[in-house]
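Heads up, the thing below is written out as structure tokens.
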Amino acid sequence: MKLSELLKAIQPVQIIGSTEKDITGVNIDSRLVAAGHLFMAMRGTQTDGHAYIPTAIEKGAIAVLCEDMPEETNPDVTYIQVKDSENAVGKVATTFYGDPTSKMELVGVTGTNGKTTIATLLYNTFRYFGYKVGLISTVCNYIDDRPVPTEHTTPDPITLNRLLGEMADSGCKYAFMEVSSHSIAQQRISGLKFAGGIFTNLTRDHLDYHKTVENYLKAKKKFFDDMPKNAFSLTNLDDKNGLVMTQNTRSRVYTYSLRSLSDFKGKVLESHFEGMLLDFNNHELAVRFIGKFNASNLLAVFGAAVLLGKKEEDVLVALSTLHPVAGRFDSIRSPKGITAIVDYAHTPDALVNVLNAIHGVLEGKGKVITVVGAGGNRDKGKRPIMAKESARLSDRVIITSDNPRFEEPQDIINDMLAGLDKDDLQKTISIADRKEAIKTACMLAQPGDVILVAGKGHENYQEIKGVKHHFDDKEELKAIMF
Ligand SMILES: CC(=O)N[C@H]1[C@@H](OP(=O)(O)OP(=O)(O)OC[C@H]2O[C@@H](n3ccc(=O)[nH]c3=O)[C@H](O)[C@@H]2O)O[C@H](CO)[C@@H](O)[C@@H]1O[C@H](C)C(=O)N[C@@H](C)C(=O)N[C@H](CCC(=O)O)C(=O)O
Ligand SMILES: Nc1ncnc2c1ncn2[C@@H]1O[C@H](COP(=O)(O)OP(=O)(O)OP(=O)(O)O)[C@@H](O)[C@H]1O
Ligand SMILES: N[C@H](CCC[C@H](N)C(=O)O)C(=O)O
Ligand SMILES: [Mg+2]
């Protein structure tokens, strides 16, 4: 693509050199640059992309986009100076990959918990309707039926636009994506045209990155502030920040709630370990999901599908066919009658919700044993609260290791134990080896009891000092219980 064409969506401050050259690739990482590429320098949290401009040119970059012009320029290279690289990168990337979101309906989901669940269920619902659909999520990305493994919740702007481009080229009419707070703050979604946005909830997480809850809230809100006029914003009235999110949006605002009057109103009529009976806008439906929070997630899916033009009745039929998402309230039952649930709950709020959902079904007829840890090099403040909530809502707690990353597992465990009082400690043991922790939980469990293994959900690895070792909670449980 001609460089001049590539720059059509941005307003450079200054250009040095010709824009009449063909660009064969766009990059933000010098390590990935090849001949004929445009290298875009971004300031990061670890380093400054501007420092890699010479390397990028050595590797074949013929154009450079930057905030600061280098002191010496190369006559064979075109330099494009912009005010805000983060903002420009998304727009250039989306132009390079054919402006994919103008060819399909893209819906983004943001919030602390429920993004993967809602995005995945929307993807499944629209595939059920017979469309080709794309999905961008923490577990795996999909270009219709083709899985594309992922490391992020929302990929970097180049990967993101390449994926969306492949979706559009494969004929996808809809795409559903998770929009993480990091991706909003870093403008990874800049340049994308959203048909709609969904807000789930806001509770504490990622304070290592955002520093304060207020910054975290602002990041999420920006997604709705930037939503175009013809798009919809669907927000959760049951979250105290639901209406804050949509305060300044130009888009059409709709609400969903399990409690108050709203555009999409739901109610849990019955719940069992097999599923729930729900009422959505005065229609009854049976689903294979457990827990009030999943009723809320399904209601968001229902609302979004209706706002995308589907008939309420058709959406309800689709919802009744859906299965839980991998690692989200994923349950197995042993021959001895012990239920084990693997869940990705890695925030205090998610743990409370999952444990309450378990109690809602157990009704005091069995004990709850929770195995839980917290990730290393992430929000430390959530650790004691996660332990405290686990102790409050479980009969036994086994504190263990999650992904320690570059921290010592025992240090993380100690941070968690610090949240417990004397009574809590009586029912708590700590076993750093996650395999042993799960084994111990299985040994302690009696028929009728429930074991919750929280924090890692679908993850099939444990990340220790930069190395991912194979580890799968569900696999471990199956090996012991069967
Ligand atoms: C803290 C954070 O979010 N970092 C993200 C950020 O990187 P960064 O700002 O640290 O980049 P940097 O390393 O300082 O480098 C600056 C620039 O120099 C470039 N560079 C660097 C080295 C080099 O040799 N050459 C070069 O060109 C880099 O490509 C980059 O453009 O921008 C990168 C590109 O978009 C991301 O890949 C990277 O994600 C890191 C790996 C990460 O772990 N992020 C996590 C925390 C994250 O984003 N999580 C969220 C949410 C998860 C959730 O909600 O559960 C997610 O969406 O996944
Ligand atoms: N609506 C909800 N409200 C509260 N907790 C929820 C909700 N939906 C799911 N959860 C809990 O949060 C966990 C993570 O759910 P999910 O993966 O859908 O969220 P996410 O927002 O994608 O998380 P991440 O930011 O890590 O990608 C689930 O395993 C469940 O325990
Ligand atoms: N994507 C989230 C979830 C982490 C899940 C947990 N298993 C951990 O490693 O902390 C994060 O990076 O904060
Ligand atoms: Mg997710």
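In case you wondered, yes, glycine gets a Cβ from its N, Cα and C as well.
Among the ranges 114-117, 346-349, 402-405, the stretch that TrEMBL annotates as motif 'Meso-diaminopimelate recognition motif' is 402-405. Meso-2,6-diaminopimelate binds ASP402, ASN403, PRO404, ARG405, GLY455, GLU459 as TrEMBL records it, and from the list ARG333, ARG378, ARG392 the residue named for this site is ARG378. For ligand 1, there are no nearby binding-site residues; that is, of THR116, ARG378, ASN403, PRO404, none has a C-beta under 6 Å from one of its atoms. Model confidence over the motif 'Meso-diaminopimelate recognition motif' (402-405) stands at 98, taken as the mean pLDDT rounded to a whole number. Among the recorded positions listed (LYS220, ARG378, ASN403, GLU459), LYS220 has its Cα nearest to the Cα of GLY111 (ATP binding site). Highlighted here are the binding-site residues (ASN113, GLY114, LYS115, THR116, ASN403) whose C-beta falls below 6 Å from ligand 2: ASN113, GLY114, LYS115, THR116, in sequence order. Break the motif 'Meso-diaminopimelate recognition motif' (402-405) down by DSSP state and the numbers are 0 helix, 1 strand, 3 coil.
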